[in-house]
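Below is one structure, written out as structure tokens; comments come after it.
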Amino acid sequence: MENRWQVMIVWQVDRMRINTWKSLVKYHMYVSKKANRWFYRHHYDSHHPKISSEVHIPLGEARLVVTTYWGLHTGEKEWHLGQGVSIEWRKRRYSTQVDPGLADQLIHMYYFDCFAESAIRKAILGHIVSPSCEYQAGHNKVGSLQYLALAALIAPKKIKPPLPSVRKLTEDRWNKPQKTKGRRGSHTMNGH
């Protein structure tokens, strides 16, 4: 019998970003209690040698599983030192992979406060509006004009430490264009 392969999308992530993610998840599970229904599985509880950790996030009947890997083949860049993340949505026997933006939206929908529909009406009438959105990572596009007006009216609370964002975990911060200071950049680099 021939081998059967299953291909998964694994986002290459540097080790420090994975450590930050794990730390934020544990903080909000055990200290702030905002993620107290989440389940953290350590590497020694897994039967797969490449799995570093798993975070199971219940979403109603379904759940989101964020798996971190180690010991993978390195990527094109030297900082891709064999670390990666996969994000999976599971319900009973069905599972599918999701991208970080959708994962953040699902987490936002189930776990964190945001403006209610009545908040817009209350703000127009001059009433105090609360709560504002605690999990900004769950909004991946520009909101309605009413939502933007509310967001400008009520400054979001700064939560220390920030809530764990899957998109932030998987973003490619290395390949973003560098901004230079001033109009012409550094004088020594320009030869002036």
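Glycine too: its Cβ is placed from the backbone N, Cα and C atoms.
According to Swiss-Prot, the protein carries these features:
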| type | residues | note |
| --- | --- | --- |
| REGION | 14-17 | region 'Interaction with host APOBEC3F' |
| REGION | 40-44 | region 'Interaction with host APOBEC3G' |
| REGION | 54-72 | region 'Interaction with host APOBEC3F and APOBEC3G' |
| REGION | 74-79 | region 'Interaction with host APOBEC3F' |
| REGION | 75-114 | region 'RNA-binding' |
| MOD_RES | T96 | phosphothreonine |
| MOTIF | 108-139 | motif 'HCCH motif' |
| BINDING | H108, C114, C133, H139 | Zn(2+) binding site |
| MOD_RES | S144 | phosphoserine |
| MOTIF | 144-153 | motif 'BC-box-like motif' |
| REGION | 151-180 | region 'SOCS box-like' |
| REGION | 151-164 | region 'Multimerization' |
| REGION | 165-192 | region 'Disordered' |
| MOD_RES | S165 | phosphoserine |
| MOD_RES | T188 | phosphothreonine |
Inter-residue C-alpha distance, T96 (phosphothreonine) and H108 (Zn(2+) binding site) (nearest angstrom): 19
Positions on the same chain near the region 'Interaction with host APOBEC3F and APOBEC3G' (54-72), where near means CB under 8 A and six or more residues out: 10, 12-13, 18, 21-22, 25, 35, 37-41, 43, 46, 82-92, 98, 103, 106-107, 109-111, 166, 169
Protein Cβ atoms within 10 Å of T96 (phosphothreonine), excluding its own: 8
Number of Cβ atoms other than its own within 10 Å, given for H108 (Zn(2+) binding site): 21
